[in-house]
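Q: Structure below; questions to follow.
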Amino acid sequence: MKVILASSNKGKIKEIEQMMHMDVIPYKELLGDLEIVEDGKSFKENAIIKAKTIYDALGDKEAVVISDDSGITVPILGDEPGIYSARYAGVGASDKENLYKLINRLKEKGIKRTPAYYTAAIAIASKYGIDTVHGWMWGEVIDEARGKKGFGYDPMFIPKGFDKTLGELDEEIKKSISHRAKALELAKIILKRWE
């Protein structure tokens with residue numbers, strides 16, 4: 001089974017390969033700079049848009065495209081950054097720029113620590129149609145970055161039941177509790193049907 005990943009984010013590619021125990025091909029290796037307009041109103045809609053766009057562009061009925069749309073939501077900030085997590089500080093912004101924009105938004109509001117959650121929506125496009133699964137991780141965000149591990153908003157997110165940020169936790173712990181890991185476990189069940 002040829003599995004194409006609808007991402008060029010190196011951190012996400014590595015994480016998905018490790019969790020799925022399979023090699024994936026980043027879509028840009030096959031399609032270059034294919035334009036994908038993520039104009040959905042939810043993580044699920046954006047994951048479907050990415051998976052379907054890439055699957056259709058490949059023209060290979062035997063290919064399987066896995067797309068993930070994920071992000072962090074902070075209810076007290078009106079659910080920011082939500083579906084805009086990857087471009088919170090602007091289109092083309094780095095993980096660090098997005099992280100510090102959220103930290104600064106908390107500081108502007110005088111918030112040191114508040115509930116937040118990560119969502120991962122995964123869409124799988126194949127000759128069988130499109131399947132979707134979700135995973136969530138609950139916790140809190142803090143107004144500072146702690147730790148060097150992980151990527152994205154990890155240095156400011158403390159998962160429920162822990163006193164360290166994802167940026168401070170060992171990779172194995174993060175993998176066992178993450179929103180993406182939960183969604184990928186469900187995605188594996190779908191993929192096993194086709195083996």
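Each residue, glycine too, has its Cβ placed from N, Cα and C.
Reproduced below are the annotations present in Swiss-Prot:
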type	residues	note
BINDING	Ser7, Ser8, Asn9, Lys10, Gly11, Lys12, Ser70, Phe151, Gly152, Tyr153, Asp154, Lys174, His179, Arg180	substrate binding site
ACT_SITE	Asp69	active site, proton acceptor
BINDING	Asp69	Mg(2+) binding site
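Locate each feature and note its surroundings.
A: When secondary structure is read from DSSP and collapsed to three states, Ser70 (substrate binding site) falls in the strand class. Every protein chain shown contributes to the tally, and the Cβ of Ser70 (substrate binding site) ends up with 24 other Cβ atoms within 10 Å.
In the structure as shown, the Cβ atom of Asp69 (active site, proton acceptor) sits within 10 Å of 26 other Cβ atoms.
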Q: Roughly how many Å separate the Cα of Gly11 (substrate binding site) from that of Asp69 (active site, proton acceptor), to the nearest whole number?
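A: So the alpha carbons of Gly11 (substrate binding site) and Asp69 (active site, proton acceptor) sit roughly 14 Å from each other.
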Q: Among the binding-site residues Ser7, Asn9, point out the residue whose Cβ has the most other Cβ atoms within 10 Å, with all shown protein chains included in the count.
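A: Most Cβ neighbours within 10 Å: Ser7.
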Q: Count the Cβ atoms, other than its own, that fall within 10 Å of the Cβ of Asp154 (substrate binding site), considering every protein chain shown.
A: 25
Q: DSSP three-state call for Ser7 (substrate binding site): helix, strand or coil?
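A: Ser7 (substrate binding site) sits in coil per DSSP, no helix or strand.
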